[in-house]
Amino acid sequence: QTQLLGVLLAAASNFLISISLNIQKCSHLRLACKTEPKPYYTSKLWWCGITLLGLGEVGNFVAYGFAPVALVAPLGCVSVIGSAFISVLFLKKTVRAADILGGTLTVTGTYLLVTFAPNVPQELTARQVQNYLVSWPFLVYSILEIIIFCILLYFYKRKSVKHIVVLLMMVALLASLTVVAVKAVASMITVSVKGKMQLTYPVFYIMIVLMATSCAFQVKFLNQAMHLYEATAVVPINFVFFTTSAIISGVIFYREFQSAALLSVFMFLFGCLLSFLGVFVIARNKREDHLQIPFIDCGLIPAKKLTGKIQPDSRSSRYGTLNNEDNSVKSQS
């Protein structure tokens, strides 16, 4: 019953997150279509989406106190299904046969995940968390994760590489730390509420700092991805990356599959595969709608007396080039 409560809470929270992401994307589209674009954080609609996102994350936080990481994390597929159908309302999309097929595969995978998830004790004490932090598998995993994150951050900052895979990979790496910290904090609070005080241990506050820091940077990179790419592309890829990193961190840190039967592990992984397949079916051949920015009269540009028109580049944040430009000018644009 406790694990079922965690499942229901995680499913409802992820559905709320899918609503919030579509609201944020809608706010970005509205701001971009204005004659004088303003920063996204000045939009009330964007703040509404952020508020719903916060509520959904709080629900996920509570869910980690009732269910294992390997079960709560894959339930992010609810946000993928929700995003595919909620975008019909917010972003005026159309429901395709691929959405229905992908949703069916994802629901089937979710059922297998819930059925064959590891059944391990969810109440962790501060001393157990301390022992997990200094275990050599987690130390090796942390070092590898830091190295990969620094490499991605170098390409992001120095090379200005803002590809969706780079952005969401950094989100996933941060999310793996967030999942570990959230599970630890939620478990220690649960044990404290039941009478065994765990909040006096320093590891509790270390985990809170780790959770807050990683969450803040996740929001930064995720919002960057939502600003540059379609929500129907960001949500599925983010789900796959996040779920994979969360399951790996749960297996390494909390050793959730240590005593699981081989058949249970196989069916659980098969459920993950079905969920991932459903996500890619939903995202496959998804039409990307560019902003409908009107033509700009060249006569309104300083030092220009042309009567022709210039078309903004729909694939860039900068304005496009004239049709009769040579290759050198186009490359500079």
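Yeah, the Cβs are placed from backbone N, Cα and C, and that goes for glycine too.
Per TrEMBL, these features apply:
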type     : residues : note
TRANSMEM : 6-24     : transmembrane segment
TRANSMEM : 45-66    : transmembrane segment
TRANSMEM : 72-91    : transmembrane segment
TRANSMEM : 98-118   : transmembrane segment
TRANSMEM : 138-156  : transmembrane segment
TRANSMEM : 163-182  : transmembrane segment
TRANSMEM : 202-222  : transmembrane segment
TRANSMEM : 234-254  : transmembrane segment
TRANSMEM : 260-283  : transmembrane segment
REGION   : 311-333  : region 'Disordered'
COMPBIAS : 313-333  : compositional bias 'Polar residues'
For this session: Would you kindly list the residues that approach the transmembrane segment (6-24) from elsewhere in its chain, counting only those six or more residues past its ends and only Cβ-Cβ distances under 8 Å?
Result: 40, 45-46, 48-53, 55-60, 62-67, 71-72, 75-83, 86-87, 89-91, 114, 122, 223, 226, 231, 234-235
Seminar exercise, completed: Near the transmembrane segment (202-222) in space but 6 or more residues beyond its ends, with Cβ under 8 Å, are 53, 57, 126, 129-130, 133, 167-168, 170-171, 174-175, 177-178, 180-182, 184-185, 188, 234, 238
